[in-house]
Amino acid sequence: MPVITLPDGSQRSFEQAVSVMDVALDIGPGLAKATIAGRIDGNLVDACELITQDASLQLITSKDSEGLEIIRHSCAHLLGHAIKQLYPNVKMAIGPTIENGFYYDIDLDESISEDDLVKLEKRMTELARTGYEVVKKTGSWQDAYDAFTERGETYKLAILDENIEKTDTPALYHHQEYIDMCRGPHVPSMRHCHHFKLMKVAGAYWRGDSDNKMLQRIYGTAWADKKQLKAYIVRLAEAEKRDHRKIGKTLDLFHWQEEAPGMVFWHNDGWTIYTELEKFIREKLHEYDYDEVKAPMMMDRSLWEKSGHWDKYADGMFTTTSEKREYAIKPMNCPGHVQIFNQGLKSYRDLPLRIAEFGCCHRNEPSGSLHGLMRVRGFTQDDAHIFCMESQVQAEVKKCIEMVYDVYGSFGFEDVVVKLSTRPDNRIGSDEIWDKAEAGLAQALTDSNIAFEYLPGEGAFYGPKIEFTLMDCLGRAWQCGTVQLDFALPERLGATYVGEDNERYTPVMIHRAILGSLERFIGILIEEFTGKFPTWLSPIQTTIMNITDKQAPYCEKVVKKLKENGFRAKIDLRNEKIGFKIREHTLKRVPYLLVVGDKEMESGEISVRTRSGEDLGKMSVDDFIAKLSDEVKSRQ
């Protein structure tokens, strides 16, 4: 007679085994109608799952994050059902959930077009409206193999052969005549899957291996209700307008070429943003007492073997050979910084030693994963490594946290999600060291009044870490900053210091990045500001325009004075109507537009407009310089 304990502490007793849905029905028909799945003793299960003994139970609905995930996964199966009806010869591969949606990889001789997506979505809608029940059947490995052999599903057979033990009992989900294999859980019926949209088609290699066949990947999104779906579509449209690749092209900031995949060609205005950002971070490095260094971009294989990168990260490194020696272009800066620390005897009095570098790194990212500035092969990290004693770790971490928030606040990022990743199963070091390290990071966050959540088991094998994720104006998450403890690398590379007792000790190494990579952070800024950078960061801060040729000499004097005062100023003396020139430079996102006509020239003034269209009226050139100077210095 199972006794079911609900989240509010109430209990319900039953005379015999009951399913999750039975419990929901016992509570009320409204809840049963909303129930998608359940969590029995912490384990997520289907609504049809039987409870045979006393257990705790949480009923999952579309209001729960798990419920939405299940809806999305079931929509992937619904897509599979629709594809099979419209294209009977299609071979189904995998159909997982992703952020905000799902996809399904298919093997089909003909290409899926935009028109085909419309037809598929229509068929999905027709199927969902029937509200058919999703039936879960668990059987032997052979039962599943026979079912997919009969249907000619070669990819499902490969999954069975390569990923599922023959002693396992895989679950098959029956969507009328369509069958799919999955761990689940899934919705009990298609009544829960009505708010979806197919988004696009892309190519994807089977198993992510370029040696395998290229499949077609159909992406979709799914939500709990119509309002959420509509809001997401609106956000997507806004994100499209903010796409840094499009804005970068419009503003002539950078470009890419097939001859250098994942490498950025910076143009003058884009490089201006880059160097201003670097200058800003360099000022912060001086403020927070860092030494700036520059380590080689390429080092001998032997060093990467000692550091462990050759064993753990060889596929991600670009290598070359010269004079029978093998070299790797650095994918990260830490080994080079340890070499700098190792030059000369270090005493406890030298610690903490903070070493920073704008390190140019290269990683052999798969070509299919490259995405504008957000995912590149060549990038610059605002990287730093702090060598310190164990007793200094907590104080140093607090300084890192302070610097992170100082920098993010300068760009208006106030919504920062913080996570603390703790020890993984595969790790080095004693539990005592890990206890100290995790407690130290947690205490540093607490002392800094930073709310955070734990990510159990997500730390690196050599130490725990803090991750800082920026939430942008569209609610998108961008993981940028990290503060990570490392007990392994200093020891592997022979880093030591002499303690107060004249004994040698291995320092603790703190890896610290704030922007993550300059390229990616610039991409984030472009999308956050839609190219309307703060004045201090804008590649062109002001443009002066004449109304007739008569004012040209005066305009040239003004632009010369602006440049002499250190501003990035341009002049537009073209024989065009002033309205046309104003519109053009507004589209270029220039913060201040200066207009000169006869009246301004006679009074020695300028008319000032902002890119938002605000008319600031006439002012003297000196007053404008003072205004601009204050704005740039305060980094508004």
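In case you wondered, yes, glycine gets a Cβ from its N, Cα and C as well.
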Can you pick which of His286, His371, His385 Swiss-Prot lists for the same Zn(2+) site as Cys334, His511? His385
Note: in the chain of His511 (Zn(2+) binding site), residues six or more apart in sequence with C-beta under 8 angstroms of its C-beta are Cys334, Asp383, Ala384, His385, Lys465, Thr482, Val483, Gln484, Leu485, Asp486
Counting by DSSP, what is the helix, strand and coil composition of the domain 'TGS' (1-61)? 14 helix, 24 strand, 23 coil
Helix, strand or coil at Cys334 (Zn(2+) binding site), per DSSP? helix
